[in-house]
Amino acid sequence: MEETVRYAEATGLLGSVWLLVAIPLVSAAILLLLGRRADRWGHWLGVAAIGAAFVLGLTYFFQLRGLENKSVEQSLWQFISVGDFKVDFGLLFDPLAAVFVLLITGVGFLIHLYAVEYMAHDEGRRRFFAYFNLFVAAMLLLVLGNNYVMLYFGWEGVGLASYLLISFWYGRPSAATAGKKAFLMNRVGDAGLAIGIFVMFATLGTTQYDEVFNGVGALTGTTVLVLGLLLLLGAAGKSGQFPLQAWLPDAMEGPTPVSALIHAATMVTAGVYLIARSNPIFSANHTLQLVVVSVGALTLLMGCLIGAAKDDIKRVLAWSTVSQIGYMFLGVGLGGGAYALAIVHLLAHGFFKANMFLGAGSVMHGMNDQVDIRRFGNLSKYMKATWLTFMMGWLAIIGMFPFSGFFSKEPIIVAAFEREGWTAWLFGGAALLGAGLTAFYMTRLFVLTFHGPARWTEDIEHPHESPKLMTIPLVLLAIGSVGAGFLLATSVPDWLQATGGLGGQEEGHEAVLAHWLITALSLLVTVLGAGLAWALFRTGTATAPQPAGVLVTAARRNLYTDAVNEAVFEKPGIFLTRALVFLDNRGVDGLVNGLAAAVGGGSGRLRRLQTGFVRSYATSILTGALLVVAAFLAVQAGWLA
Amino acid sequence: MTELKLPSIDYAALAPILIMLGVALVGVLVEAFVPRRLRNTVQLTLALAAVLGALTMVILNSDDRLLTAGQAIAVDGPTLFLQGAILVLAAMALLLIGERSIERGGAFVAHAAVTAESPDDRRQAEGASGTTEVYPLATFAIGGMLIFVAANDLLTMFIALEVFSLPLYLLCALARRRRLLSQEAAMKYFMLGAYASAFFLFGVALIYGFTSGIPGRTAGVDFATVHAAVTDSPASPVLLFAGMALLAIGLLFKAAAAPFHVWTPDVYQGAPTPVTGFMAACTKVAAFGALLRVFHVAFSGAAWDFTPVLGAVAVLTMLVGAVLAVTQTDIKRLLAYSSIANAGYLLVGVLAPSKDGLSGTMFYLVAYGLSVLAAFAVVTLVRDADGEATHLSRWAGLGRRSPFFAAIFTFLLLAFAGIPLTSGFMSKVAVFGAAWASGNAWLVVAGVVTSMVLAFPYLRVVVMMWLSEPGDATPTVTVPGALTSAALVIGVLATLVLGVAPAPLLDLANGAAEFVR
């Protein structure tokens with residue numbers, strides 16, 4: 001078997017990579033175990049832990065740059081050893097992991113800072129930071145593991161943290177329900193990932209990345225397809241992609257920093273990470289790539305359509321997240337060099353989406369937790385810092401030159417046009433249309449929030465700008481939104497080259513359109529979409545729900561996906577559980593109870609034989625003796641042979 | 001007149017037996033010559049020293065594989081293993097018997113001759129020092145058991161049976177409280193024991209008849225002769241099979257197998273609890289040791305034709321034990337039925353005619369003995385002003401009152417139920433595995449089904465202890481004295497260790513699983 005993926009042993013400073021996971025984990029444990037005693041200083045411990053992890057991550061990053069083989073592996077201990085099944089508790093630090101570590105700890109640190117102020121008046125702030133650090137630890141484990149079981153470990157860890165944080169205000173029924181919904185839909189995806197890992201073990205006998213990737217060439221096409229589809233199901237669940245997208249917008253019930261870090265910048269991109277990491281599997285089968293691309297394209301359009309019809313500022317952002325991750329899936333599905341493009345978009349998105357979520361949080365902070373964009377307007381006068389930083393995020397996400405979204409999104413659109421034959425038109429067209437729609441609904445959000453006439457509720461007299469601790473992270477993230485794209489797009493693909501299979505230039509097809517034409521078209525649709533939205537919403541909007549046509553009504557109802565889920569899964573599921581409960585009560589329990597009653601009754605009757613009289617005991621022994629002797633003689637006579 | 005030849009005697013090999021019987025005789029003298037207030041200490045020390053000395057000799061003899069005393073005694077792997085087991089369990093039982101701090105004067109009556117329920121009886125129950133004859137009696141019984149598992153001919157076996165049974169009958173009658181129940185138990189045990197002994201002896205007689213007339217051999221009841229006769233005796237095999245059946249009945253009575261178990265609940269309930277523990281652990285080892293030797297050495301030539309019959313007895317035993325345990329309301333009777341069911345599981349092991357069956361059964365005997373002694377040790381601790389509170393309803397809510405002892409008892413019950421990580425699980429695996437490998441799958445199925453039934457009464461006690469509110473009637477758990485604590489610690493630790501790391505003892509049993517002929 002040809003070894004294409006080879007990892008080096010971690011030496012020197014890189015031998016302590018495990019600290020990245022350990023520091024947030026220990027801080028989470030301290031915060032949870034100390035309880036109220038840590039209330040006064042707990043949040044600072046949380047911030048410090050993530051800050052330390054970021055500094056460490058940077059150090060490791062520079063170490064890694066100097067190495068020949070940029071993939072270092074560290075096996076800490078044997079985690080599972082049952083028969084042939086061996087799983088190391090091992091970490092892998094390579095370029096892909098490195099950029100994720102920097103994103104998670106860097107953006108995480110800024111959001112932590114913001115959250116100190118945002119959660120200042122919440123009684124559960126210490127608990128919040130404990131969960132938050134638990135999340136960071138799990139997310140780092142997810143991207144640092146050197147095998148699929150470690151990844152699964154982190155995968156479940158972030159799922160747990162996400163559940164705890166979505167339903168952080170568990171007193172609100174909507175938050176509790178959203179937490180459950182997220183948990184359940186994630187389980188569907190997680191089951192896919194788990195079965196995928198089983199398939200891996202059954203066919204390859206290992207779950208270590210290097211062994212799996214080196215062995216995948218020996219598998220049949222069908223096995224690779226099944227394996228890839230299972231991994232894709234897991235990825236779709238975690239990243240809110242079709243058909244498992246419905247939980248993500250509901251997850252906005254959690255505190256805004258959670259939405260920013262977990263449900264925009266990091267955790268939801270775990271699916272993209274999984275596919276990028278497993279690129280040798282996905283590259284091995286063209287059907288598989290087609291499925292990934294289709295899921296990406298479909299989801300990105302769905303996200304845009306629904307995002308355009310929503311009035312809740314966080315939900316619009318959530319649907320835009322769904323849509324942007326659709327772009328990333330499109331990228332990783334295209335294979336070859338587009339893997340790196342997807343990762344670039346993921347990183348850029350991490351900055352500008354976190355920026356906008358924190359901006360939205362800042363707006364809510366100043367508007368008594370109002371989330372309805374029809375009730376905002378004219379806030380640019382009152383919240384200068386929020387307005388300007390949000391503007392950077394807005395320009396970035398719609399892909400305006402020279403903001404970061406332009407440099408990260410446009411190459412994906414170009415790559416989509418480089419496919420073979422009609423699929424180039426289909427996916428390229430979808431990506432282009434998505435760009436226009438994104439410009440439309442994000443502009444609508446921006447204009448309705450910050451411009452036009454004020455449509456505030458009566459209780460607000462003078463919206464206030466948020467304190468420094470909230471605006472400083474906003475400014476830093478805004479700088480990222482402006483500059484990150486260009487820097488990332490020029491450096492990251494080369495950097496990722498060293499990761500097995502990533503960034504390798506496939507001798508792609510010629511694009512069906514000239515490169516400059518695609519760029520011009522995407523800028524054109526962006527300007528058109530933004531201009532249309534500006535023209536429509538410049539003067540504000542009605543504060544009451546408006547009657548709408550078929551498409552908008554459908555979009556308001558999430559394109560009826562919830563209804564489909566309800567009809568296809570929930571109703572039959574409820575029926576099935578009821579039927580099972582009935583069967584259990586009447587059938588199984590009946591049988592068990594019947595047996596128990598029979599045993600008890602028999603016992604009660606047999607007890608009467610135990611009379612306490614020696615004479616009846618002697619009779620019992622005599623009867624038994626006669627029977628045994630008779631039986632022995634019957635054996636001797638051959639009757640019982 | 002034939003010349004009498006003195007048999008050669010290997011005193012070292014017989015040392016464990018000689019030590020126990022010798023110390024028992026010394027114990028009788030102690031009763032006569034040592035002042036009353038010193039007797040308990042002296043007797044307990046003597047008895048424990050004897051047990052430890054005998055155990056040391058067993059360990060020193062561990063490589064012996066020989067017949068001695070004119071072929072009457074076999075010192076081989078199973079003998080040494082089972083003698084060791086009896087001595088370890090007996091040491092624990094002696095600790096419980098010697099405990100004086102839980103109840104003033106100990107668990108035994110001060111003057112056995114006092115009329116029950118009389119004013120004198122009430123006075124002695126108030127705290128007069130218990131009778132110390134229990135130590136020589138127990139020591140005699142232990143000595144008898146040591147001979148019983150080593151006996152290589154049927155007459156020696158019979159003598160040994162009587163040597164260990166007679167002291168047990170007496171011990172059963174010596175409870176300090178509820179003396180009528182205790183005396184009734186002893187009476188029943190004695191009468192039915194005598195009855196069973198008669199069966200045994202009749203069996204010996206028939207087998208003696210069967211062995212006569214083999215060319216080149218004189219008739220006899222030593223196992224070599226019996227074994228030879230099984231293959232080429234001219235006598236009618238009816239004699240053999242009838243004799244075997246009667247012999248088996250005598251042994252199954254001691255082992256408490258159905259339908260010869262009827263004495264068990266009454267005797268277990270009436271006897272002083274330390275003696276009940278002693279019987280449940282040591283008598284079981286002795287009875288099954290003898291069964292193993294008889295079937296593996298003397299009758300193995302009968303090609304295990306009798307397996308279906310004894311299998312039926314095993315199934316009946318398991319069923320009776322498990323089903324009747326369900327409706328018991330007294331903890332000691334519950335444990336008695338559990339002990340009956342366990343006799344069934346042990347029979348499953350005995351009926352696996354393989355080395356694994358032999359070693360599995362021996363492992364089971366040790367593991368069960370250690371757990372059951374610990375369980376009876378807990379029973380001695382749960383008491384109120386009238387002595388032990390054995391009615392199950394009184395145990396309700398014990399988990400709230402004394403979570404520590406309730407947890408220990410829960411653990412022991414889980415071990416009886418065969419939950420993994422306890423010795424109960426490992427021993428069931430050992431015997432059922434051997435039975436399955438020998439083709440006795442039906443016995444394994446019956447064993448598993450009855451185990452499930454049996455789990456119910458155990459868990460009922462657990463539920464009662466933990467999930468009921470303690471009432472006024474809930475007794476307290478007395479703080480155990482050093483002796484009971486020691487026994488309890490040994491039993492519980494062994495139950496855990498044998499469940500987690502059974503390999504050393506299983507290896508030991510495997511290494512010992514070969515009889516000499």
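Note: Cβ is positioned from N, Cα and C throughout, glycine not excepted.
On a predicted model such as this, the values are computed, not experimentally measured, just so you know.
Feature annotations, courtesy of TrEMBL:
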TRANSMEM  A:12-34  transmembrane segment
TRANSMEM  A:41-62  transmembrane segment
DOMAIN    A:79-129  domain 'NADH-Ubiquinone oxidoreductase (complex I) chain 5 N-terminal'
TRANSMEM  A:96-116  transmembrane segment
DOMAIN    A:146-429  domain 'NADH:quinone oxidoreductase/Mrp antiporter transmembrane'
TRANSMEM  A:191-209  transmembrane segment
TRANSMEM  A:215-237  transmembrane segment
TRANSMEM  A:258-276  transmembrane segment
TRANSMEM  A:316-336  transmembrane segment
TRANSMEM  A:342-364  transmembrane segment
TRANSMEM  A:385-404  transmembrane segment
TRANSMEM  A:469-492  transmembrane segment
TRANSMEM  A:512-537  transmembrane segment
TRANSMEM  A:617-639  transmembrane segment
Contact call for the transmembrane segment (A:512-537) and the transmembrane segment (A:385-404): at least 3 Cβ pairs under 8 Å, seq gap 6+: yes
Stretch in A:41-62, A:342-364, A:617-639 most in contact with the transmembrane segment (A:316-336), if contact is a CB pair under 8 A: A:342-364
Secondary structure content, the domain 'NADH-Ubiquinone oxidoreductase (complex I) chain 5 N-terminal' (A:79-129) (per DSSP, counts of residues): 29 helix, 13 strand, 9 coil
Winner by Cβ pairs under 8 Å against the transmembrane segment (A:469-492), considering only A:41-62, A:96-116, A:617-639: A:96-116
Confidence summary for the domain 'NADH-Ubiquinone oxidoreductase (complex I) chain 5 N-terminal' (A:79-129), mean pLDDT rounded: 84
